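> One structure coming up, written as structure tokens, with questions to follow.
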Amino acid sequence: MARIGDGGDLLKCSFCGKSQKQVKKLIAGPGVYICDECIDLCNEIIEEELADADDVKLDELPKPAEIREFLEGYVIGQDTAKRTLAVAVYNHYKRIQAGEKARDSRSEPVELAKSNILMLGPTGCGKTYLAQTLAKMLNVPFAIADATALTEAGYVGEDVENILLKLIQAADYDVKRAETGIIYIDEVDKIARKSENPSITRDVSGEGVQQALLKILEGTQASVPPQGGRKHPHQEFIQIDTTNVLFIVAGAFAGLERIVSDRVGKRGLGFGAEVKSKAEIDTQDHFAEVMPEDLIKFGLIPEFIGRLPVVASVTNLDKESLVQILSQPKNALVKQYTRLFEMDGVELEFAEDALEAIADQAIHRGTGARGLRAIMEEVLLPVMYDIPSRDDVAKVVVTKETVLDNVLPTIVPRKPSRTERRDKSA
């Protein structure tokens, strides 16, 4: 054991050599001693290493082409939206890395601004699923919020800070990890103000919510009630910085196409102008031509639009795309139901015309890809009820007639085994 000869029998730290008189605390172990200063130093080293391990590594960050390729495995169609999202997400996390390097070296000459994303398009076309798949690939916390439940602070409804609580919960209350997560705000078109002109009366669930969202979209130090609900003075808050949180704001924006049509149609005035019929204007991809003034006319305030510089539009899915969605992605519905039937020892098969009929039904109902599962459930319900109680079924074949005329699927009986035939003959 280390001693200091001229100071009596003083113990000293086995790591830095300081005596017990030179430090505040000396902790003894089996044959060794460590002082409080060395403990603090070790703690700092460990925290720095853990922080480095938690950060999104730039060299590990997938390139835009790799992000798009990953999305292709789960989402059919929407190629323009995939490219837009891939570039926006890559640039967002590259910006976070640049900020971290600037803090370390203090030499970053340009401060990179955040680019949140606005997604436009009809319901059931993959907006939510695209965002969920992105978060899954990047392994970052992901939260979904419904804009229709939000109200301005002080009114009945949810405060905008509750959106951040969902993200913190998705990160298991790891605030540092939540600060690099993704928040998807759906139904944002429902918080458009009622008219293009500013209202004299209070619009607490429309323009008021847009105003309340401005700060967290841009980046702020927000105080979040740990149990949700309304804030009150006697509770503790979780502090979260939203500067590096990526917001994807989405909505169906029904009626926006008419605003775009009116603006695009006005181009056909004057000599030599290309004149288009209303039918031709209506069939083009309106959302791809959306301009900020169209969104302002729809009811979003300019400050809100300004914080959503990246616009990604999704289009209605045609019959061919819906058929591909049923069978091709990694989590395709056909694969899911096939697996369910396999668990009962039965093979499930869909005729090609049956898949086309299911796609036609979804288009007719106007539910897009979201309605495919409901149709599949209706078609397969009778056999899913009977099959578990039977042991004589080898295969179930779903045909076009099954979908359109409520005819039961074709049942292929199972051939009895040699033992069963022997027992039967005996």
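The backbone N, Cα and C atoms fix where each Cβ goes, and this holds for glycine too.
Per Swiss-Prot, Zn(2+) binding site is recorded for C13, C16, C35, C38, and the stated evidence type is sequence analysis. Feature annotation from Swiss-Prot assigns ATP binding site to P122, T123, G124, C125, G126, K127, T128, Y129. Look at Swiss-Prot and you will find 1-54 tagged as domain 'ClpX-type ZB'.
Locate each feature and note its surroundings.
With a 10 A radius on its CB, C35 (Zn(2+) binding site) counts 24 other CB atoms from all the protein chains.
P122 (ATP binding site) is surrounded by 18 other CB atoms, counting those within 10 A of its CB over all protein chains shown.
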> Non-local Cβ contacts of T123 (ATP binding site) (under 8 Å, 6 or more apart, same chain)?
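Correct list: A252, T367, G368, R370.
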> Same chain only, sequence gap of 6 or more: which residues have a CB within under 8 Å of the CB of T128 (ATP binding site)?
I144, Y184, D186, A250
> What count of other C-beta atoms do you get within 10 angstroms of the C-beta of C125 (ATP binding site), across all chains shown?
25
> Give me the non-local Cβ neighbours of G126 (ATP binding site): same chain, 6+ apart in sequence, Cβ-Cβ under 8 Å, ordered along the sequence.
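Looking at Cβ-Cβ distances below 8 Å from G126 (ATP binding site), excluding near sequence neighbours, one finds V75, I76, G77, Q78, A81, V314, L317, A369.
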> Specify the nearest of the binding-site residues P122, G124, K127, Y129 to C38 (Zn(2+) binding site), where nearness means the distance between Cα atoms.
Y129
